[in-house]
Amino acid sequence: MTSPRKTHPLMKIINSSFIDLPTPSNISSWWNFGSLLGACLMIQITTGLFLAMHYTPDTSTAFSSVAHITRDINYGWMIRLLHANGASMFFVCLFLHTGRGLYYGSFLFLNTWNIGTILLLMTMATAFMGYVLPWGQMSFWGATVITNLLSAIPYTGHNLVQWIWGGFSVDKPTLTRFFTFHFILPFIITALATIHLLFLHETGSNNPSGMASSPDKIMFHPYYTTKDIFGLTLLLLLLTSLTLFTPDLLTDPDNYTLANPLNTPPHIKPEWYFLFAYTILRSIPNKLGGVLALLLSIMILTIIPATHLSKQQSMMFRPITQILFWTLAADLLTLTWIGGQPVEYPFEAIGQTASIAYFLIITLIPLSALTENKLLKW
């Protein structure tokens, strides 16, 4: 008799996606980050739901409601810190997952890659709106500065900013709508992640060599479920250690001060995972130019497949491109560091150099591919 796992309409979908799924036998730990992102999303939705039960999206009570969660709710402090640090873990996994896709040429699966880019943008939007909700100093001023960038759009910019604010400044209507979107977007992200998986299973997973893996595939369960559980254990260990030992390591002290529109913090900056883009934004003296560079720093991912000129899919056997890739990784770390520094010498000059290097390296990668093709006489 055939197992219900293979015949039941619902079980059949789960079976073909997570149990009997044919998977390349040589995929490394870099392929673990997909499942870790799923786990991060579940952690964020679960902790977020419990926080939403006690949070009030009103400028007069938002800050005190977060203090109430931390002090008076059973394990409220832990739920809040898991949610805040869980976002950091989410972005660590996101950046590593995207980096793996770039290194091993997974961007050639166009549908999967494009949905992934949309997922990255939506996650960034969700995190930004979540950062505004505690209504601390950095929440208020971060929201004011970032939303005000839209005023750089010709003709409609000023009206667009006021439409987003719901008035003439960041106030109660802004907070209410940010809470609404912050609540609904994770569920849209979950739906998009399902589509992302659907497209991935249409083509099958890539592998480190970049070669066809059809002749050598194994079942996903038990081999890769065990591997994923091990990865998840390490992630949870890191998240709980961060939450319980150094909970404020990645947060801004200014956010423990109630939002005050009359007092500007000495240095307005977003959360650490946006700092690379923030550095690129402020490296350009022109407002519109900075906004365009900021957008391009993320949207450049969509044109990466069109610039792939190598005869090999993966970078595994391409030493020149490998040097460029790891230089790009170091450049992104430099941009992140500079974003947390004040706009003064030497940080300003380093930021401008690193911003130019970011776009230059991405431009040089297709040229290095052509050079490697010539060296290999392809």
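Think of each number as a place in line: the chain as shown, counted from 1.
Cβ from N, Cα, C; glycine included.
With a threshold of 8 Å between CB atoms, the same-chain residues lying at least 6 positions outside the transmembrane segment (33-53) that come near it are 69, 79-80, 82-83, 86-87, 89-90, 93-94, 96-97, 100, 183, 186-187, 189-190, 193, 228, 231-232, 235, 239. If you look up Swiss-Prot, you'll see 33-53 (among others) marked as transmembrane segment, on the strength of similarity to another entry.
If you look up Swiss-Prot, you'll see 77-98 (among others) marked as transmembrane segment. Cβ atoms under 8 Å from those of the transmembrane segment (77-98) belong to residues 30, 33-34, 36-37, 40-41, 43-44, 47-48, 50-51, 66, 69-71, 116, 120, 123, 127, 130, 235, 238-239, 242-243, 247, 250-251, 271-273, 301 of the same chain, restricted to positions at least 6 beyond its ends.
Per Swiss-Prot, the feature heme b b562 binding site maps to His83, His182; the stated evidence is similarity to another entry. In the three-state DSSP classification, His83 (heme b b562 binding site) falls within a helix.
Under the three-state DSSP scheme, His196 (heme b b566 binding site) falls in the helix class. Other C-beta atoms found within 10 angstroms of the C-beta of His196 (heme b b566 binding site) number 21, with every protein chain shown included. Annotation source Swiss-Prot lists heme b b566 binding site at His97, His196, citing similarity to another entry.
For the transmembrane segment (113-133), the list of distant contacts is 55, 57, 62, 66, 87, 90-91, 94, 98, 101, 106-107, 139-140, 142-143, 146, 174-175, 178-179, 181-182, 185-186, 188-189, 192-193, 195-196, 199, 270-271, 273-274, 298-299, 301-302, 304-305: same-chain residues at least six beyond its ends, Cβ to Cβ under 8 Å. The transmembrane segment annotation in Swiss-Prot covers 113-133 (among others).
Annotation source Swiss-Prot lists transmembrane segment at 178-198 (among others). Away from its own ends, the transmembrane segment (178-198) comes close to residues 17, 37-38, 41, 44-45, 48, 52, 55, 57, 112, 115-116, 118-119, 122-123, 125-126, 129-130, 132-133, 143 of its chain (Cβ-Cβ under 8 Å, at least six residues beyond either end).
Per Swiss-Prot, ubiquinone binding site is recorded for His201, and the stated evidence type is similarity to another entry. All chains included, 14 other C-beta atoms sit within 10 angstroms of the C-beta of His201 (ubiquinone binding site).
Swiss-Prot lists 226-246 (among others) with the feature transmembrane segment.
Residues or ranges marked as transmembrane segment by Swiss-Prot on the basis of similarity to another entry: 288-308 (among others).
The annotation transmembrane segment is assigned in Swiss-Prot to 320-340 (among others) on the grounds of similarity to another entry.
Look at Swiss-Prot and you will find 347-366 (among others) tagged as transmembrane segment.
Within its own chain, the transmembrane segment (226-246) is flanked in space by residues 29, 32-33, 35-36, 39-40, 43, 78, 81-82, 85-86, 88-89, 93, which lie at least six positions past its ends and keep a Cβ under 8 Å from the stretch. Annotation for His83 (heme b b562 binding site): same-chain Cβ neighbours under 8 Å, separated by at least 6 residues, are Gln44, Thr47, Gly48, Leu51. Contact check: the transmembrane segment (320-340) against the transmembrane segment (347-366) gives at least three Cβ pairs closer than 8 Å, residues 6 or more apart, which meets the contact criterion. Sequence-distant contacts of the transmembrane segment (347-366) (same chain, six or more residues past either end, CB-CB distance under 8 Å): 279-280, 282-284, 293, 296-297, 300, 304, 307-309, 321, 324-325, 327-328, 331-332, 334-335, 338-339, 341. Rounded to the nearest whole angstrom, the C-alpha distance between His201 (ubiquinone binding site) and His182 (heme b b562 binding site) is 29. His196 (heme b b566 binding site) is 21 Å away from His182 (heme b b562 binding site) when you measure Cα to Cα.
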